[in-house]
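Data first, discussion second: the structure below is written as structure tokens.
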Amino acid sequence: MGFTVAIVGRPNVGKSTLFNRLVGRKLALVDDLPGVTRDRRIHDAKLYDLKFQVIDTAGLEEAANDSLEARMRAQTEAAIQEADVILFVVDAKNGLTPTDSTFAEVVRRSGKPVVLVANKAEARGAQSGMYDAFQLGLGEPCPISAEHGQGMPDLRDAIVELLGEERVFADEKEEETADEVFTPKAVGELIGDDIEDPDEEEIPAYDATKPLRIAIVGRPNAGKSTLINTMLGEDRLLTGPEAGITRDSISVDWEWRGRKIKLFDTAGLRRKSRVQEKLEKLSVADGLRAIRFAEVVIIVLDATIPFEKQDLQIADLIIREGRAPIIAFNKWDLIEDRQMVLADLYEKTARLLPQVRGLRAVPISGERGQGIDKLMENVVKTHEIWNRRVSTGRLNRWLAGVIAHQPPPAVSGRRLKVKYMTQVKTRPPGFVVSCSRPDAMPQSYVRYLINGLRETFDMPGVPIRLSLRTSDNPFAGRAKKKK
């Protein structure tokens, strides 16, 4: 086994469930009662093509030095020292606790590469807990469901990105040399005074060879299954004139221009008032889960009756979930005056969905196979933008120019001070601005900053998250201490 992974976190966040998932057997006891795991357990594990040793640990808790809990914590800290990479697990369903923040600092001080794992991401309301996890300063959360096995491809990719392919695929004979040359990096943690030379910050290039997950969504009978069948070149999915044929969220493997793609066909999404039968409610919930675990979401609109209220609600849901959206105007073969209609559709797209200015929209005919390549070219471009990262140095030089040109307005006679900006995540791009009195910052100025980011750094058509914080730079002074 080439490397070691330690699973750590507070009690009852799902560490043992994840351990069982990775080893492929129920070796660790799992229960809703916190504190079931006491000793650290080590076992051979596999995650797709990755082979490694995984350590299950007791939940980290504050405890007196001579208590059982303190000895359990010592076991966990020993596991941290043994590990090459740490999976720090939080409960996205129930959100963060002060204990999470306390032990995130313990993990950070270890200096080991850390994957922040947001478990129970399939639960209703988990998105809020996942966003809260950014404040731990451990980088972008990786949403998973250890119980249901969802999000495992992203977890695999996160481990490879941190350790590097040479390290994770090294033979056992190469382990010692791999350990010597490895230097952990966490670009998402670099903010403020912690950066000595922003221009040297490395931004990884977009990997166009990685498998891509695409969900196909829309109102009933918009032509979603027909589109997928045309892509595949076979009648893989049941289609017909009756609305609502698709019930399950079906995933199929496909390859486009040498790139592996997983397509998710979903049940037609109706208004809640029209979703009555239990089976249909389950189908819609399944479709929503497919959206959450997809990367790019193609919104299929019937070009003959586009932009119904339900279409806009679906688009808004996708944007709020932070997915990379793209519109496919289907049934284009039924349109007569195509040039005039297309101009009208582009105008409506910009006017009705201003929160993703520059959203890509492509006319297609799923039945005749027209426009599929152009649609996929735009899918790949949107996915690249969704993964885009901007160096902290470039961001703050841009921010200084923005403030000089258009400073934040004064509120109650006091000028708002903006200190610095950093990008804390991708997928979608997320930024944090440190400023005085964030609650007083007008939303109009926040939108001004978002629009400026979108235009300056070429990020059209994807959601952009921007949060304001008043706390001091948590990494300030660290560089000074190292001297």
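The chain as shown is numbered from 1 upward.
Any Cβ shown, glycine's included, is placed from N, Cα and C.
Pulled from Swiss-Prot, these are the features on record:
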BINDING   9-16, 56-60, 119-122  GTP 1 binding site
BINDING   218-225, 265-269, 330-333  GTP 2 binding site
DOMAIN    3-167  domain 'EngA-type G 1'
DOMAIN    212-387  domain 'EngA-type G 2'
DOMAIN    388-472  domain 'KH-like'
Nearest of the binding-site residues (Gly218, Asn221, Thr266, Trp332) to Gly9 (GTP 1 binding site) - Cα to Cα: Thr266
Arithmetic mean of per-residue pLDDT over the domain 'EngA-type G 1' (3-167): 81
Alpha-carbon spacing, Trp332 (GTP 2 binding site) to Ala121 (GTP 1 binding site), which is rounded to whole Å: 37
Asn12 (GTP 1 binding site): nearby binding-site residues from Gly218, Asn221, Lys224, Thr266, Cα cut-off 10 Å: none
Spatial neighbour of Ala121 (GTP 1 binding site) that is closest, considering only the binding-site residues Gly218, Asn221, Lys224, Thr266 and their CA atoms: Thr266
Nearest-integer angstrom distance between the alpha carbons (Cα) of Thr266 (GTP 2 binding site) and Thr57 (GTP 1 binding site): 38
Fewest other C-beta atoms within 10 angstroms, as judged across Asn12, Thr57, Thr266, which are the binding-site residues: Asn12
Separation of alpha carbons, Lys15 (GTP 1 binding site) and Gly218 (GTP 2 binding site) (Å): 36
Secondary structure composition of the domain 'KH-like' (388-472) [DSSP: H/G/I, E/B, coil]: 31 helix, 23 strand, 31 coil
